[in-house]
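Below: the structure, in structure tokens.
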Ligand SMILES: O=C(O)COP(=O)(O)O
Ligand SMILES: [Mg+2]
């Protein structure tokens, strides 16, 4: 039996795309800010700081209050963050509504599923394991497993290859400008999910498809694949 997504790889971003991780990132960030005697931040503020890895989030948490940490200070805070976050990684973090069911449907239609994230590899594996999502993915590639993370397109290309797929038959799904740039750099169509952590508007992002609930993803992917196949024929 062949499925309509046979031979296609769907590459998912993690934070803000597959999983709503903001609640646990908030607790971990506030743990280090509080320990450093700094002001803590709220959920909405932390959401605007996710997408470039945890170190960038800590830096933004400090610049938010007019402070610039020294390299040594930042490394110390980052180390503390990693210990705390790793131990509290799936307290409040949950997959977005219907994501697991839709992933199963895509796999049943023949898609290869993979994750390309700017989260660290060990944290990504731990989170997806804790939520029971890890077995669905042929590859999970964190920022520290590649020479250059998103927005470098190479991060996506390596993810597709690690999943056993073909970058010419792959689609990126993500919640941020970083994902959009990475997809463009890798030459992949880009599906934007506006329920994540991007502050820019849907119009500004300029995605090939916008999916505001997982139930809309299968149809969006089918449409993009038909377009890709038609344009390949026209060449
Ligand atoms: O943890 C982050 O800041 C980014 O992670 P993402 O690439 O999965 O959105
Ligand atoms: Mg994200």
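Here the Cβ of each residue, glycine as well, is placed from N, Cα and C on the backbone.
With 13, 15 listed by TrEMBL as binding Mg(2+), the candidate from 166, 175 annotated for that site turns out to be 175. The secondary structure of residue 15 (Mg(2+) binding site), as reduced to three states from DSSP, is extended strand.
Its Cβ placed at the centre, residue 175 (Mg(2+) binding site) has 25 other Cβ atoms within 10 Å.
Sequence-distant contacts of residue 13 (active site, nucleophile), defined as residues of its own chain at least six apart whose C-beta falls under 8 angstroms from its C-beta, comprise 115, 116, 117, 150, 172, 173, 174, 175, 176, 179, 196.
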